[in-house]
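Structure record follows, encoded as structure tokens.
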Protein chains: 4
Amino acid sequence: MRVGVLTGGGDCPGLNAVIRAVVRKGVRQHHFEFVGYRDGWRGPLEGLTMQLGIEQCRGILPRGGTILGSSRTNPFKLDNGVERIKENLAKDGVDALIAIGGEDTLGVATKLADLGVNVVGVPKTIDNDLSGTDFTFGFDTAVNIATEAIDRLHTTAESHHRVLVVEVMGRHAGWIALHAGLAGGANIVLIPEQPFDIREVCDLVESRFESHYAPILVVSEGAVPREGGDMTLSSGELDDFGHVRLGGIGDRIAREIETRTGKEARAVVLGHIQRGGTPTAFDRWLATRFGLQAVDAVADGDFGKMMALRGTAIARVPLIEGTGELKLVSKEEYAEAQVFFG
Amino acid sequence: MRVGVLTGGGDCPGLNAVIRAVVRKGVRQHHFEFVGYRDGWRGPLEGLTMQLGIEQCRGILPRGGTILGSSRTNPFKLDNGVERIKENLAKDGVDALIAIGGEDTLGVATKLADLGVNVVGVPKTIDNDLSGTDFTFGFDTAVNIATEAIDRLHTTAESHHRVLVVEVMGRHAGWIALHAGLAGGANIVLIPEQPFDIREVCDLVESRFESHYAPILVVSEGAVPREGGDMTLSSGELDDFGHVRLGGIGDRIAREIETRTGKEARAVVLGHIQRGGTPTAFDRWLATRFGLQAVDAVADGDFGKMMALRGTAIARVPLIEGTGELKLVSKEEYAEAQVFFG
Amino acid sequence: MRVGVLTGGGDCPGLNAVIRAVVRKGVRQHHFEFVGYRDGWRGPLEGLTMQLGIEQCRGILPRGGTILGSSRTNPFKLDNGVERIKENLAKDGVDALIAIGGEDTLGVATKLADLGVNVVGVPKTIDNDLSGTDFTFGFDTAVNIATEAIDRLHTTAESHHRVLVVEVMGRHAGWIALHAGLAGGANIVLIPEQPFDIREVCDLVESRFESHYAPILVVSEGAVPREGGDMTLSSGELDDFGHVRLGGIGDRIAREIETRTGKEARAVVLGHIQRGGTPTAFDRWLATRFGLQAVDAVADGDFGKMMALRGTAIARVPLIEGTGELKLVSKEEYAEAQVFFG
Amino acid sequence: MRVGVLTGGGDCPGLNAVIRAVVRKGVRQHHFEFVGYRDGWRGPLEGLTMQLGIEQCRGILPRGGTILGSSRTNPFKLDNGVERIKENLAKDGVDALIAIGGEDTLGVATKLADLGVNVVGVPKTIDNDLSGTDFTFGFDTAVNIATEAIDRLHTTAESHHRVLVVEVMGRHAGWIALHAGLAGGANIVLIPEQPFDIREVCDLVESRFESHYAPILVVSEGAVPREGGDMTLSSGELDDFGHVRLGGIGDRIAREIETRTGKEARAVVLGHIQRGGTPTAFDRWLATRFGLQAVDAVADGDFGKMMALRGTAIARVPLIEGTGELKLVSKEEYAEAQVFFG
């Protein structure tokens, strides 16, 4: 049996660990052959392949990025995209495909599965906002990096009278902000799911100063002010998703706090640091087990499924479960953490 | 309401995070007062208390150890132990007790609950071998430390012809060895649950050298040779639990490999490094949520329970579930990882 | 003999290590008593003292910040500032003062020494721009944090077509940018000492893309465009020092690159992360030895001196040597690194 | 001009950084061609070469180990070793050789230089015991790893009544133990240069317990008991150098302390963790600058020299200076640190 493997979407620590596990178990236990498709769906679309065997996977477990490359190419937005993919799979003698990616990549996988392609999905998102699985790999790494940053900032917050705003990843979901805020002992956490009122934020900032500490805020890049509230973003500041552009909301909030409270405020924008570099042990373990289970699913002919963490077990759930709806921070989960705010 | 808090047993990153969450939510939301009991069960036994409020918990989230101190004192092994505890609780006006600890500490809690003491338990074991919960805090920190060590050793294993044996924690259960071995890309993992055959180990070592790489072994401190096998431990080498004493099994295995294969072998004994220092973000998150839920259980009068991670939710399970039986690595879980061995 | 100790200026990992060394050696070997002055020169100015003995210094070696607090108060800018300091020193029975700080703090120390106060200085600047010493503590920590960030960004730079701009500390001197750029393998390093031409920068960016890699830029917060060049900063963007305000030059350069080359560009602003948290081993060693030597200088009555690293030895040099002129990156040092650029 | 490059001796973080700097500057600025010799002196001896250009050096800056491989082969101990090297250099058209290594590797280089080979040396030893240079690369990495381990152990030392013995590298010189001991706040540091009296060590251990803290010892692997003292090592325990074999002195000292004081004692043997993995920023900077200067020395025809750090400058000193005599910890340097012991 010949199995194609591809990775799509943004960077995420653990991609190489999935690939290695798939290949190691596939070759050793199932006697599969593998074809590496380069740059996400562009690979099978344009017939971009690379050799993929145990040798190619040596030493990649601790490495960030993906040896297969990635892209955001969507074959359904291109002329004859699906036909070209089917043709290339046939030409390469590929019987089944393992697609590792987020919402978009798995969305394509879901539709291809409906069209008869033998596909198995492995969920990937550093934002942890995919439904159907307790956690996705990459998330733990991002949270640890953000937490270490907050740890270091406490020194400064304690010894100076300066507000620190840490902007972390999370376009639509506040998981990184919530977990890193809890783990780092932040005083205020702002997430996309709960639009903030800048006056309440400034009140918290000031009350914190009254107890002689400078506050640390953790802000998702997708955090937004409450509509009708006191802070408005001009359309020039917004991108197509209605989020603050380049530089970001962290900086914008810092400036608002300075203006409104008269306290010095500084933004720290972690940006891509959160999605590069070596994965944590948890992410390597999760990614590895996703890979092992995905290649077993192929061996079982159990297609149209994606891997999911349920407790400590890896389950196979219908692809549609992961791609149907985003997993967002609930009001209860946000409220649970609020006892630490202020 | 006055609530006592104590921590028992060995060190474990995250203890302070539990204490902080208990106090923060208890004071702010439930308006509890707290009494800190020092040094595990010795505290309520001998009336050793310390002040415990929000001020005492400032800055402790990232710190290893426990501000309450710890001990292995077991009141059931002492004359009138239970009576003395009841008397001291009464004297201190304590209505309920939150006990944070492992098998032994929670075993005492279970019995005290049966004797009418209002007690809630928070499970703690770096070895992750407590039943009833997906994970315990401290484990993720230990696995990350061991994984970083293995990462560094790969450099040497690649450039020299030297076998490296990493001894990690795990008296009865091989969870740390299994997870760190998987995450670090070790070639052989030996755990207490699966007694090893030294000849098979040496065969794997030699076959690894044939493909021009030196192997890395990860060995639980409680790993044991198969009975009737080729390697025997003299009684002088063993402690009361039948494990190799001080210095340990890692060193012993390294010497056996040297003798049997003629290859140079070196042991790295991580020891207490795995249980000290700052917790990972995951462990801080888990410990914090255990603490929040434990103090809510007290508020609900839901005694005789211990906190447990189930997926991403914190559940309350009967104390007996955690202390009844050790959670060991199953044959299937060990087999899953074996595709990477050799 | 009674010795006062104070710390002034911005945060810098290693301050606590100096204090601990001063006190440990002072008490044990020289039988000194110590007075801790709080918040820099505000301490002796307003008579703000704290107890300072071996007990107060327990456990502070690995901690960021300063147990004495800090400020930017300058007694020479206040009415009767010097008199009030002299009075308070007399009142507290303080015979000599150890002042730990940067250009400003040591500048005050220099003048006080001229006015007959027994003062010894310990140089402190994370920017490493103090003359008279090979290195200052805090710098190595900052460089390591920036280097780890760059390490992680390489993953993303390799797998996406996105320019990454890392803004690091350095108002007047480019030492952090130069060292972290070299250690992290950055493609372009922009420092205050060498005003940049945005067209040259964009040419390097584009030539880098031609070899199929996205570039990483490291930029000092004090980097400035060449006068008369193609990029100008409006006065509204500048602060009193002529530097780009809040948010910063990193962001500004990223936007220019986007506009001029059409390539996506993102800024990572490390900010205060670089000056908080635990010091590296080098910084602890250097800070500790500065402290030991400073207290010996007091014992020797060798006042008006500051400590300096010369090779591996700690020398005592006149305070004026450290505060006279900034130590800047020379053309030769910048040129040495340029072989790695592009 | 064609230049050969080789790396010899044990692993040391920074080797790849030297190679990369040599090649980058050699190709770009001096238009040299390079020949990579594999496995130390075995390379030119047996004609084992590999391609070495800018492409081969991509991405190696942060990696431990050496892409050229290493060995301890000494051509002077082999028949016609020198002749064979000269023949192979001639055959490969190599005009000059850059040898990166420690005492042994540079010892060979020194003799070859005397015999007319155009050789330039780059000093390498994680132990930091090479004369003629302030520091060698690899040392800072080792010290940081040991310091982080000690940091974590403080938690345990504080909360339990258990002596912890950390064994670090250093066969002949105690630099790693001294620096990590100072930076980590260890209570006792034992180094090869100052044979210890086990009774004095146990007295310090006991006095430490009297102030309610458990002590942390840092011990060089080459530490030895004072002759005629109370602790003797049987010849069976010793290797050819008179040091305690496998497992080591750390373990041996822990056992002695247990026996003599009745306190529980545990050894942590860091071993090869100290010499593998990614280098610190300081080591990358130093290694890079050694490489840049070495290739300039070749361009200048300045042979028979080795690179040396002097303050912040890279100097070229006669090879014999580095290989003549070991750089040991002086009595004064050891005494300076003793104020922190006990």
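Using the three backbone atoms N, Cα and C, a Cβ is placed for every residue, glycine included.
No curator has checked TrEMBL annotations; they are predicted automatically.
Here is what TrEMBL records for this protein:
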- A:2-298: domain 'Phosphofructokinase' (DOMAIN)
- A:Gly10: diphosphate binding site (BINDING)
- A:Glu103: Mg(2+) binding site (BINDING)
- A:Asp104: site 'Important for catalytic activity and substrate specificity' (SITE)
- A:Lys124: site 'Important for catalytic activity' (SITE)
- A:Thr125, A:Ile126, A:Asp127, A:Arg162, A:Met169, A:Gly170, A:Arg171, A:Glu221, A:Arg266, A:His272, A:Ile273, A:Gln274, A:Arg275: substrate binding site (BINDING)
- A:Asp127: active site, proton acceptor (ACT_SITE)
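Location within the structure of each feature annotated in TrEMBL.
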residue  : record                                                            : Cβ contacts under 8 Å, 6 or more apart
A:Gly10  : diphosphate binding site                                          : A:Ser70, A:Gly102, A:Ile126, A:Arg275
A:Glu103 : Mg(2+) binding site                                               : A:Gly9, A:Thr125, A:Asp129, A:Leu130, A:Thr323, A:Leu326
A:Asp104 : site 'Important for catalytic activity and substrate specificity' : A:Gly8, A:Gly9, A:Arg72, A:Asn74
A:Lys124 : site 'Important for catalytic activity'                           : A:Thr7, A:Gly9, A:Cys12, A:Gly14, A:Leu15, A:Val18, A:Ile100, A:Gly101, A:Gly102, A:Thr105, A:Thr136, A:Phe137, A:Gly138
A:Asp127 : substrate binding site                                            : A:Phe139, A:Met169, A:Gly170, A:Arg171, A:His172, A:Ala173, A:Trp175, A:Ile176
A:Arg266 : substrate binding site                                            : A:Arg162, A:Val163, A:Leu164, A:Val165, A:Ala254
A:Ile273 : substrate binding site                                            : A:Ile145
Judged by the number of other CB atoms within 10 angstroms, which among A:Arg171, A:Arg275 is the least packed of the binding-site residues?
A:Arg171
Cβ neighbours of A:Met169 (substrate binding site) where a neighbour is any other Cβ within 10 Å:
28
Specify the secondary structure state of A:Asp104 (site 'Important for catalytic activity and substrate specificity') as given by DSSP, simplified to three classes.
helix
Max Cα distance spanning A:Thr125, A:Ile126, A:Asp127, A:Arg162, A:Met169, A:Gly170, A:Arg171, A:Glu221, A:Arg266, A:His272, A:Ile273, A:Gln274, A:Arg275 (substrate binders), Å?
33
Of A:Arg171, A:Ile273, A:Arg275, listed here as binding-site residues, which sit with their C-beta under 8 angstroms from a C-beta of chain C?
A:Ile273, A:Arg275
Check A:Arg266 (substrate binding site) against DSSP and tell me helix, strand or coil, would you?
strand
Around A:Thr125 (substrate binding site), how many other C-beta atoms are within 10 angstroms of its C-beta?
25
